Structure formats: structure tokens, C-alpha cells
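Chemist: As annotated in TrEMBL:
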- Ile39, Ser69, Glu87, Asp133: S-adenosyl-L-methionine binding site (BINDING)
- Asp133, Asp159, Asn160: Mg(2+) binding site (BINDING)
Amino acid sequence: MSGVTYDYMEQYIRGLISPNEGILKELEEYAAANSVPIIQKEVGKFLELMINIKKPGNILELGTAIGYSAILMHLSSNCKCNITTIERDKNMIEIAKDNINKYGFSEKINILEGDCLEVLEKLEGQFDFIFMDAGKGHYNHFLPYCLKLLSKDGIIVADNVLFKGMVASRDLLIRRKITIVKRMKTYLEMISTNDELITSVIPMGDGIAVTTRRLKS
Ligand SMILES: C[S@@+](CC[C@H](N)C(=O)[O-])C[C@H]1O[C@@H](n2cnc3c(N)ncnc32)[C@H](O)[C@@H]1O
């Protein structure tokens, strides 16, 4: 049970999505065989949709792992967008670099090595689309930096915001996850109560939150 939506609903929605071929299929198989957490199928489709609507020139991703979602977002843009992706795990960085080079994306996908918070503190530039998928217990700390880096009409998509349902229900809460859950609630409150932002929380996958700046009159 995902704790976020009904299993039958998840299975039905996933069944509507055609299986990936080629690169993405290979990476999905690698991730499954090596227990690497990558975005869920419906979240991948959602990112593809958002990128087709938004057509971002520059994307920032927090959490590269093996490079699956970075490559998926890059392919979704017809290989037009530039992606900057942050990862701290040396082993993941090596694998992601191999994948990015192997498929010829190294000019468009750049990995920044290090802890997200430390990299974000120093990072400059403007990003039209930011995908948060690292350090669930720190989204609230990442947010001020992400807002500074977000272009005027940019979008932030944060994954895992309902965290197996634990964020919404005490009955599902595991004791050792209390801190992460508290901080995730803080993140959701920050993006939901800030008058300058509009946020929609969607019970898809492990829960996603989509945030943009409110239009000024
Ligand atoms: C869920 S995985 C990312 C999956 C990837 N976005 C995909 O779908 O292909 C999260 C990754 O974030 C990395 N990570 C976690 N906390 C981090 C932090 N504070 N700074 C940098 N990387 C972090 C982990 O090492 C892991 O590889």
C-alpha cells in the first residue's frame, strides 16, 4: 500500500502509461535490479507533461541518483533544455556520469557534486523549472534558495511530499521518521501559506507539490 492513493487506482493509472523503450527502459531495469529509488512511472509522465507545457530552457534538479529523471526531463524537452542536477553520493555520481556520457548528453546535463544545501548556497543563475527529489527532511531548508534561483514564472515540483501517507495521517507515522515528516509539513505549510505563491498538492506517486509565483496585478 502506498499510503497516498488506492493501490487499484495507482495500478490503473500506471496501466494507461505506455512502457518506455531504449535508454529509459534500460535505466529503469538497472534501478530495479540495484534497488536505486527513481521517480515513479506516473511522476515521470507528469514531468514530461509539465516540460511540454512549460518548455523550460534551464532545469535544476535536486537528487540525480543514476540520472534517470534528468535524462527523462531532457528527452521530454526534445533534448533542448539544459539540466543542472545535484548529487552527493560518489557512487551515484559515477554511475550517472557514465549514463549521461554513454548516451551523449554531457553537454546538456551537468552534475554538481555535493550536498544540496551547500551547492544551493553558492549556486547562481535562473531556472524555469526546479525538481526537488533529494533530502526529504530538508525541502524546507532548500526552499529559500530555490525561490531565489527560480525565474519569475518558474515552477517548482517537489516529489515525495506525502511520504507514504505519513505526512497526512498519524496512524501511518513511523517513529524514526518523525523529524522528516515534521519538516515536510513545514515545507508544505511554507508553500501553501505564502501569499506570493500558488501551490497544488497532488496525491500522485508518493505525493507531489507544484508551486509557482502568483501573478501580480
Ligand atoms: C530519490 S533519489 C533521486 C532519484 C532521481 N531523481 C531519479 O528519479 O532518477 C534521491 C537522491 O538524492 C541524493 N541525496 C539525498 N540527500 C541529498 C542531499 N542532501 N544532497 C545531495 N544529494 C542528496 C541521494 O544520494 C539519492 O541519490
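Placement of Cβ uses the backbone N, Cα and C atoms for every residue, glycine included.
Walk me through where these features lie, including what they touch and how far apart they are.
Modeler: Here Ser69 (S-adenosyl-L-methionine binding site) comes close to Ile38, Ile39, Gly44, Leu47, Glu61, Gly63, Phe131, Asp133: these same-chain residues lie at least six apart in sequence, with C-beta atoms under 8 angstroms from its C-beta.
When secondary structure is read from DSSP and collapsed to three states, Asn160 (Mg(2+) binding site) falls in the coil class. Within its own chain, Asn160 (Mg(2+) binding site) has Asp133, Lys136, Met184, Gly205, Asp206, Gly207 as residues 6 or more apart in sequence whose C-beta sits under 8 angstroms from its own.
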Chemist: Looking only at C-alpha atoms, tell me how far Glu87 (S-adenosyl-L-methionine binding site) is from Asp159 (Mg(2+) binding site), rounded to the nearest Å.
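Modeler: That comes out at 16 Å between the alpha carbons.
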Chemist: For Asp159 (Mg(2+) binding site), write down the residues of its own chain that are at least 6 apart in sequence and whose Cβ falls under 8 Å from its Cβ; none is a fine answer.
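Modeler: Once residues fewer than 6 apart are set aside, Asp159 (Mg(2+) binding site) is near Ile39, Val43, Phe131, Met132, Asp133, Gly205, Asp206, Gly207, Ile208.
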Chemist: Across all the protein chains here, work out how many other Cβ atoms are within 10 Å of the Cβ of Asp133 (S-adenosyl-L-methionine binding site).
Modeler: 24
Chemist: Using the Cβ centroid of Asp133, Asp159, Asn160 as the reference point for the Mg(2+) site, which residues of the same chain not in that list have Cβ within 8 Å?
Modeler: Ile39, Val43, Gly63, Phe131, Met132, Ala134, Lys136, Ala158, Val161, Gly205, Asp206, Ile208
Chemist: When DSSP states are folded down to helix, strand and coil, where does Ser69 (S-adenosyl-L-methionine binding site) land?
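Modeler: Where Ser69 (S-adenosyl-L-methionine binding site) sits, the three-state DSSP reduction gives helix.
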